[in-house]
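This report refers to the structure that appears directly beneath it.
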Amino acid sequence: MSPLTSSLLLFSLLTSSLEAIPVLQPSFPPSSPSPAPSPGVRILRAPESIVAPLGDEVVFECETSLQPEGFEWSYRRWPNAANSNGSVGASRFKYLKSGNGKLNVTQETAISRLRVLVRPDTVGEYRCIGWFGPLVVTSTTARLELANTSVKGRQETHLQWRVAPGNSVLWSCGQQVHSNPSASWSYYRNGVEIKPELAATNGNLFLTNVSTASAGKYTCLATNPASGARIEISSSMVLEVLSGRGSQNKAPHLLSGQPTSQAVTIREGSTLLLLCPGVGSPTPTAVWSSPDVVEAIHNKRTRVLNHGLEISNVQGHDTGTYICYLDNGVRPTLEHFINVTVEVPPRITRPPWADLTNEGERMQLECEATGVPAPELYWLLNGESSINDTEAEQLPNGYLVLHSVQKRHAGYVQCFARNRLGEQSAGTLLQVNPKQIQSEPRETGSGGGFGSHRSMKPVNHGQKPTKMIPPSPPNVTRLSDESVMLRWHVPRNDGLLILFFKVQYRMISEGKRKNWQTTNDNIPYGKPKWNSELGKSFTASVTDLKPQRTYRFRILAVYSNNDNKESNTSAKFYLQPGAALEPMPVPELLEIEEYSETAVVLHWRLDSDADEHLITGYYAYYRPSSSAGEYYKATIEGAHARSFQIATLEAATIYEFKLQSFSAVSASEFSALKQGRTQRPRASTTEEPTIQGIGDRDTTSHNQPSHNETVSMSPMLTGTIGGGALLLILLVSAFLCMCRRRSPRGRGQTQNKPRMAELREDFVPLGSCSPNKQRQRTRHIHITLNPLAQQQQQQLDEKNPPGLETDNDMAYFQRQPTYEYDPGLRRMSSSSLRRSQRTLERAGGANSGGNNGGNNNNLNQSSEAGTADGPCMQSSSKPGRVIMKRPRLSSRSENLSSGSLNSVGV
């Protein structure tokens with residue numbers, strides 16, 4: 001990736017894409033070291049330094065805890081880029097391009113390998129970079145060095161020593177040799193290789209308890225283990241061992257060429273062998289002590305040898321001066337001083353710690369480390385050196401100061417401690433809350449709808465132009481292989497009201513640019529009320545995504561003027577497959593506390609072995625237990641949270657809840673479901689009103705009565721309402737009484753008058769359902785109240801011969817009457833109807849034997865045709881009207897309808 005592409009990527013971090021971003025007051029890290037915010041990803045195995053000869057091919061390996069979106073490697077020349085003590089120079093790392101014949105980069109899931117051909121122009125420092133969406137995690141530096149062996153100066157030393165038998169002799173053969181890596185040594189006596197009694201002596205040959213058999217000429221040879229190069233040292237030592245008879249008593253003393261003191265440097269964790277040179281007659285004995293190191297001799301790691309002291313697993317506190325006393329009873333004794341320096345790789349004791357920071361604020365990041373030699377600190381901001389950032393300044397104590405935090409600083413900040421033994425790094429998430437950019441006022445005409453962006457000349461009538469404040473860019477968290485969770489917020493403002501939100505996303509690929517996709521769901525804004533001074537926060541999930549793809553997201557806000565405005569896009573998010581992710585700690589719901597009628601409090605905990613550093617916050621899901629719909633969601637920021645209040649619930653309702661933890665990369669499994677309920681509504685208590693005298697009236701209280709208190713009304717208002725109700729009751733009673741008195745007279749006067757409306761009410765139209773839901777015959781009766789209508793009916797029958805369909809609008813079913821007859825009239829009507837029925841039957845019987853002629857009075861046929869299969873008459877054809885002509889009925893039958901019944905249609 002080119003530096004320009006990297007810069008554009010960093011510039012895309014306009015907000016913290018890792019956390020919710022309300023505006024917070026600046027906070028400072030706690031005085032005691034605490035876990036720094038972690039992105040959930042880290043370098044598991046950093047590349048290691050290699051020493052190799054020219055022409056060799058070496059492999060650097062880098063492994064991350066999660067599979068990154070991509071790996072890259074950077075390089076800079078060495079040793080020009082760093083001093084001999086390992087301090088960092090000013091040269092910059094450059095990104096490498098694979099396939100130029102000198103190097104090759106391969107990737108296998110979360111492991112990247114860099115193959116380098118060792119050449120003079122490839123010697124230097126390498127480090128790998130893992131891209132996790134907006135996060136850039138950089139490994140420590142690995143050094144590629146050339147294997148070499150050289151001799152300091154060409155001064156030859158030929159020593160001749162004469163010693164009494166039983167003494168120990170120390171010969172330093174390799175002090176003039178410099179080798180990278182450390183050389184292996186071979187020793188020869190009279191040209192024959194011998195095996196040294198003590199190994200790892202760094203070119204020092206130590207002969208113990210010499211005898212005449214030890215006499216001879218000694219030489220040595222150095223071999224480079226990496227290149228195999230061998231250097232034969234021209235120096236030599238001739239040893240002569242005296243016989244025991246001719247030796248005289250001598251105090252302990254040094255031989256020619258032996259040092260009076262030594263300086264030993266060793267790496268922590270190695271095995272240290274201290275040798276005490278000196279001979280005497282009789283053979284002296286060595287006694288060890290140290291004025292600087294407590295219990296240097298008497299501990300489990302120390303073993304006293306003949307003229308030697310061995311310390312295993314050397315620690316930093318073993319540094320100091322060691323004194324060897326040689327004593328054989330002849331004065332004076334010999335003192336030999338050895339200064340031991342234990343080198344310790346750098347260790348970061350106080351990692352950086354960053355909190356959510358507003359754009360433009362000043363921030364100081366602290367980092368402290370120990371090591372021998374003292375390590376040098378340097379900083380990387382999303383993989384870029386702080387030296388190249390104009391807003392960054394590194395103080396003499398190693399602290400980093402950002403004078404004005406910018407959006408480009410959002411991401412992963414790493415502190416590196418370095419000395420010649422190696423490097424160590426520690427990092428923290430730096431989250432930047434950007435300044436809200438007020439949008440320019442836009443006028444929308446009457447035709448402006450959703451997505452309208454037409455610009456018009458502003459018309460100012462003395463009012464402030466309305467503004468559309470966009471939502472913040474969404475923070476993205478993985479939920480599953482095919483879904484993510486988005487979190488955004490709207491800062492507190494006095495702009496246009498937002499009606500709802502839409503989520504848009506786009507897949508990023510190397511080919512053709514993909515279009516933005518819009519989800520179908522409308523995310524409601526809710527009540528136009530700010531939850532806090534910080535604004536309102538929202539969450540939404542996006543499903544049907546593809547794993548191992550890179551996406552960008554943005555939020556579209558629709559305002560009350562039917563216009564819309566998009567948020568800034570999120571940083572690139574690489575959707576990891578679940579198999580490649582480190583599992584997140586799963587919270588355990590402990591209790592659902594009934595807090596109020598509309599709120600509950602969730603209480604949870606984490607397992608004792610859970611890594612809290614991986615957690616950024618929690619998602620709470622809840623819904624009524626009687627519902628099978630989607631869950632409502634709430635976001636809980638902070639890994640240390642153990643309780644959370646959920647409000648705006650319904651009273652006396654049982655809900656089910658579940659939790660999951662999340663980080664910038666993934667989310668945990670859901671906790672077990674747990675049910676809880678809100679409190680029942682409190683029963684209101686009513687206080688009986690008390691009558692107070694004028695003197696007892698309280699004139700100092702002006703508070704409004706509470707919701708559970710009864711307000712007493714004034715006596716005048718109470719009397720007015722009571723009197724009106726009583727008057728209304730009297731009027732209704734009088735009206736009902738008058739109606740009942742007039743009813744008998746009216747009934748007697750109107751019982752002999754035509755009651756066409758009442759008769760019509762007794763019949764229902766054909767084709768409709770019978771009120772009593774029973775099968776009835778298809779019988780319709782036409783009652784003519786006018787005696788002269790018989791002739792008109794005959795003329796009508798001639799116009800409509802039998803078989804011709806007639807209008808069915810006037811056809812009715814007869815139903816049970818719903819009014820009460822006068823008893824006398826009921827008896828009279830019943831007898832008249834029976835006579836009429838017998839007359840009709842005789843007339844029908846007389847005509848049944850002959851030809852029907854013009855009359856279709858076949859009653860049996862009509863009855864059969866009128867049989868219905870159900871309560872509703874649904875005949876496919878309209879029934880014809882059957883007219884039966886007969887002589888005039890008796891006078892009694894006239895009372896049937898208070899008139900003449902001239903024709904009956906059946």
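Glycine too: its Cβ is placed from the backbone N, Cα and C atoms.
The heparin binding site annotation in Swiss-Prot covers R506, K512, K514, R552 and is backed by similarity to another entry. Long-range Cβ contacts of K512 (heparin binding site) within its own chain (separation 6+, distance under 8 Å) are none.
What Swiss-Prot lists as compositional bias 'Polar residues' is 427-439 (among others).
Taken from Swiss-Prot, the feature compositional bias 'Polar residues' applies to 676-689 (among others).
The annotation compositional bias 'Polar residues' is assigned in Swiss-Prot to 701-713 (among others).
If you take every residue in the domain 'Ig-like C2-type 2' (134-236) and average the pLDDT, you get 86. Summarising the annotation, Swiss-Prot assigns domain 'Ig-like C2-type 2' to 134-236 and lists sequence analysis as the type of evidence.
The domain 'Ig-like C2-type 3' annotation in Swiss-Prot covers 252-341.
According to Swiss-Prot, the N-linked glycosylation site annotation covers N85 (among others).
Mapped onto three states, the DSSP output places N104 (N-linked glycosylation site) in strand. Residues or ranges marked as N-linked glycosylation site in Swiss-Prot (evidence: sequence analysis): N104 (among others).
When secondary structure is read from DSSP and collapsed to three states, N148 (N-linked glycosylation site) falls in the strand class. The feature N-linked glycosylation site is assigned by Swiss-Prot to N148 (among others).
Positions annotated as N-linked glycosylation site by Swiss-Prot: N209 (among others). Secondary structure at N209 (N-linked glycosylation site), taken from DSSP and collapsed to helix, strand or coil, is coil. Cβ neighbours of N209 (N-linked glycosylation site) (same chain, under 8 Å, six or more residues apart in sequence): G166, N167, S168, N306.
Note: N339 (N-linked glycosylation site) has non-local neighbours S261, Q262, A263, V264, G320, T321, Y322, i.e. same-chain residues 6+ apart with C-beta under 8 A of its own C-beta. For N339 (among others), the entry in Swiss-Prot reads N-linked glycosylation site, with the evidence type sequence analysis.
The N-linked glycosylation site feature in Swiss-Prot is assigned to N388 (among others). DSSP classifies N388 (N-linked glycosylation site) as helix under the three-state reduction.
What Swiss-Prot lists as N-linked glycosylation site is N475 (among others), and the listing cites sequence analysis. In the three-state DSSP classification, N475 (N-linked glycosylation site) falls within a strand. Other Cβ atoms within 10 Å of the Cβ of N475 (N-linked glycosylation site) number 29 in total over all chains.
In the three-state DSSP scheme, N568 (N-linked glycosylation site) falls into the coil class. Per Swiss-Prot, the feature N-linked glycosylation site maps to N568 (among others); the stated evidence is sequence analysis.
Annotated topological domain 'Extracellular' per Swiss-Prot: 21-715, in sequence order.
Annotation comment: Swiss-Prot describes 716-736 as transmembrane segment, evidence class sequence analysis.
Each of the glycosylation sites N104, N148, N388, N568 was scored by how many other Cβ atoms lie within 10 Å of its Cβ, and the smallest score goes to N388. Remark: secondary structure over the domain 'Ig-like C2-type 3' (252-341) totals 3 helix, 45 strand, 42 coil, with classes taken from DSSP. Under DSSP, K512 (heparin binding site) is assigned to coil, being neither helix nor strand in the three-state scheme. Around R552 (heparin binding site), the C-beta neighbours below 8 angstroms that are at least 6 residues distant in the chain are Y505, R506, I508, T569, S570, A571, K572, F573.
Long-range Cβ neighbours of K514 (heparin binding site) (same chain, at least 6 residues apart, Cβ-Cβ under 8 Å): R506, M507, I508. Distance noted between the C-alpha atoms of N104 (N-linked glycosylation site) and N388 (N-linked glycosylation site) is 29 Å. If you compare Cα positions, N148 (N-linked glycosylation site) sits closest to N388 out of the glycosylation sites N388, N475, N568.
Note: the CA-CA distance between N475 (N-linked glycosylation site) and N568 (N-linked glycosylation site) rounds to 11 Å.
Here N388 (N-linked glycosylation site) is positioned 27 angstrom away from N568 (N-linked glycosylation site), judged by their C-alpha atoms.
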